[in-house]
């Protein structure tokens, strides 16, 4: 069909439905009634001769044709919005914006307390939302603006993304403060003689630790596997297990959980923690402000 035959206001509803996946939420975000959103979707379906969205228990899922339209429509909407708001400024003191950051639970433990304390003074009405996404969904989320920044070791975010180094992370051995292993220097032999907690942090670079130890022939006695780091402090304080964790997490856990962080007997590769954002939002004033704040607070 010809573009002149399409009511472009319908694409605003389409674009918001791509993000919200629920008619009620889209109506609220656009300041419309639910019947108005439903009617707009009905008209767009008729114009494009495609269902566009199919109702599921997880919300409105886009059809293949809607998914095909998603990127160009989102890009066009963002370009138009930027053009219309070109002369507007971002004032953190009065803004009520919600910023969405993708990070692991380590990131939440390490970054959030300090960031939220500063935001209480510099941007008291702003909201922070954290998410965890797979590499592919994260790429799309950064591209369409549902995620503002991603923080971590994310080697798949390259083409189309900017990045900036925040800090370096090295690994230590974490255990309870009165653990027998703390009585003498931690050798590789003693390290391997105790049971271990292994954290399988899917979608992050921390799996490289296991890969490296396997490659150099180090075999730990794995007694427990967990999918995230948040439980490690609770587990170690009441067991004789050891855990290999990044120093930034250890710094946050030692005092609250009564733990000791020991130099690791294995020389493990350091990991770089970077901050990523999509090229489309490189000049977005709010994004620029948040990036600079993160850099000022956390860069080594």
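Backbone N, Cα and C define each Cβ position, glycine as well.
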Stretch carrying DNA-binding region according to Swiss-Prot (options 23-42, 43-62): 23-42
Cβ-Cβ under 8 Å with the DNA-binding region (23-42): same-chain residues at least 6 beyond its ends: 9-10, 12-14, 16-17, 52-53, 60
